[in-house]
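Enquirer: Dumping the structure here so I can ask a few things about it.
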């Protein structure tokens, strides 16, 4: 029968007696002392197959009471599942110490060993996954979660179970988003506000930049206004409330789904710390557990460094703002007419592309910084280290992805001053202004470009990079051909050699391989929920992306990457807390978008306070009639700054006349009007009411939907009762 090996270590061929060769021999000797069987195969590299003695796994079963009995072979119940074997052997390899006090990780850093990996074997489960799951043609097939668990372990299986559940419920959010967008399209030409802008051919507006920008007529922005009001309407508010509820229902239903799955796996009450202690004792009977410790000094240093990193990321967002300001000024002074006319839109689009490039670069830097901070904290266990790293990298990635969007949503056009008193960068370039139709279209464009780039370029690279790398490794690492001397028979090749080489030619995996997939989905979930009021198509893009993402990840794991070390788990860990935090941020973010970015509140105040409908029953008049004129303020040209330069005049326009701009100010002293304070109070009131109502709905939904189904509770109750009856049977005869 074919030999079974738990792990393979790969090393370069070092000179006899060299330091690296000595260190390698010491490590292998330590494994031999623990009863490991070691097999050596020489090719262009040295391959060492290691197999743990059976008593290691008997100790594991004895200490933890056969925790994997559901995965064991019915014909040979004493056998331990392959996933558990790999996990135990990996733990022992990582914690075996040489006489020089070096572990495997230390030896790999010193290039004593190049790689260490478990083997993809030609077993029935893998062949099933390869043919039925890790193929593009199985795009709409149900995921074989049980078989994924049997081959990759519980943590990977829970990731795919969560991703499948998330994608399934995204279909509902995507449908709601499409309906909201379609409702907006019906308003494309029928909106009263858009119609007023399109007909405002006598309303002269202030120049959008200094010197070369001319005065312009409000009706020039007719199409832009229609697009804006296609996004910014009453349906958007309802959709934002729906998404806040959706995020809560999704999490509560996932908790129920997770409880059902792990109960079927007999892992509901599984204790990760107990298993780690058991493996420590199996590896070293004299092991003493590392005590819990907390250093306020170390925590303070880490906190300060985290805050410093956040300030750097906010600084990068400021740099993107400066780019947009300068780019807009340069585009507005271009000799190309089209570029000059569309300077605002081009600046927004190029800024979004630059933002995406920044995200790609900073992702790599954020990872290094987060790892450095984790090393400073000195976590007690791998699980604690993973949790600490997760919180830091997600925080950094959140600011990397969303700082620029936060500026566009809540600051763009609100800190730029007014005509005659503009806020300028370095005293030269004036900050951007919102379009008279509002800033929400800028946010829509920014989100659309970033999501499309992340879900096309990133996914293509995610697939092509390991695929090309695998092909190149396969091409350059063929086994050496034996030279056959005349009259000498060729020695038969070891059957393990080809298998080990094939596995070695696959792409490397590490402890962060699954982490990367989770992080990618968390950032996507943030885009899908936090600013969804400005981009109702975000759930649809996420849904379409995830249909491919599931099978892309499957193909990478089964066909292109070495086998992951299976890890046991009974939930998705700290990622659940991240999802809950994103749900709260989604309520706050969407409330702020509607209250501040959207024109929903100013229009509402106008309809019920200043419109023609107030005081009289005008059934034949749209209550938003006159809104645009009412939201514009008058500016006297004589009050422009002296160094601004006189803009180009429109035909039949006297330079002593007045122009208009979007704000609520008096015409004489440019102070805020009473309407400004009415709108300010309404924005604040809406924000408070929206967030409290949304959070109350979230809490009610969380209470209404139990985390654990009654069926699961009854199953656990029955199991406890059965176990107690069995214990009682042992006690009763002894008393008799």
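Using N, Cα and C of the backbone, Cβ positions are placed for all residues, glycine too.
Remember, TrEMBL labels are computer predictions, not curated facts.
Model, not experiment: these values are computed from the prediction.
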Enquirer: Which is it, of 126-155, 156-185, 186-215, 426-455, that TrEMBL names as transmembrane segment?
Expert: 156-185
Enquirer: Pick from 75-94, 95-114, 235-254, 255-274: which range has transmembrane segment per TrEMBL?
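Expert: So the range that TrEMBL calls transmembrane segment is 235-254.
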Enquirer: Provide the three-state DSSP residue tally for the domain 'Anoctamin dimerisation' (72-145): helix first, then strand, then coil.
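Expert: Taking the domain 'Anoctamin dimerisation' (72-145) as a whole: 34 helix, 3 strand, 37 coil.
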Enquirer: Looking at 300-326, 522-548, 680-705, which one has the highest count of Cβ pairs under 8 angstroms to the transmembrane segment (235-254)?
Expert: 680-705
Enquirer: Using a Cβ-Cβ cut-off of under 8 Å, list the residues of the same chain that are 6+ residues beyond the ends of the transmembrane segment (156-185) and lie near it.
Expert: 143, 145-146, 148-149, 229-231, 233, 235-236, 238-239, 242-243, 246, 249-250, 253-254, 257-258, 261-262, 514, 517-518, 521, 525, 528, 532, 536-540, 542-543, 546-547, 549-550, 553-554, 557, 564, 566-567, 569, 571-572
